[in-house]
């Protein structure tokens, strides 16, 4: 199909460019995010000191802002780097980890969205509902089970409305992913349930999306490519480790991202127009 050819072409562009992806992220998943960026074909840098973030983002091809482990210093760095990236037309990707869990976390996420132009926002259904002003509960940094059962039609409406509000690509990832920019929306049904058994699967997905954004000017195409790549890699990794456990799966996930081929998308892709 044409859509899988586009995804593979985006992957080839990424590998050829080897974009530098600047992360201001959390210290729980930082190593996995760095490794998956390397595996997909980009280069990671995890600089968050306020004295260098503007210089670092100036040489990057994309910036990830991940609010998983907030503190005063990194919050200041997020605003500085995000605004500098906007000045230089460098895409900024937001991962609003656990938004809704505390008032502080929610206020920071909303302030970031108000002061920085984000190209992409990726979160689970509970996080996106909070950003949309809806009532939602998060279980720490995970989506609540009742949010996960929301009809796909509601997720599509959320993506469209939040995309209009922030003029950004919105990605809701979960059992069924919804990715869209305004009226152009796709659903993706790739992935494995064991991805919920490792910490950082969502963070890694955001890093893969950012890697594509660093080489692909169409950020909807980049986001779709990132989500599909993670989902297919998750399926392959599960097949290789289904008799083992989550730790083996995590290693196999990074290996599977590294080994993605054109046939991976053509044979396994489950992308649908919404």
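Cβ coordinates are placed from backbone N, Cα and C, and glycine is handled just like the others.
Lifted from Swiss-Prot, the feature list:
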type	residues	note
BINDING	46, 200	substrate binding site
BINDING	122, 173	ATP binding site
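Rounded to a whole value, the Cα-Cα separation of residue 173 (ATP binding site) and residue 200 (substrate binding site) is 13 Å. Residue 200 (substrate binding site) and residue 122 (ATP binding site) have their C-alpha atoms 13 Å apart, to the nearest angstrom. Here the binding-site residues are 46, 122, 173, 200, and the one with the most other Cβ atoms within 10 Å of its Cβ is 122. If you measure from the Cα atom of residue 122 (ATP binding site) to that of residue 46 (substrate binding site), you get 19 Å.
Under the three-state DSSP scheme, residue 173 (ATP binding site) falls in the coil class.
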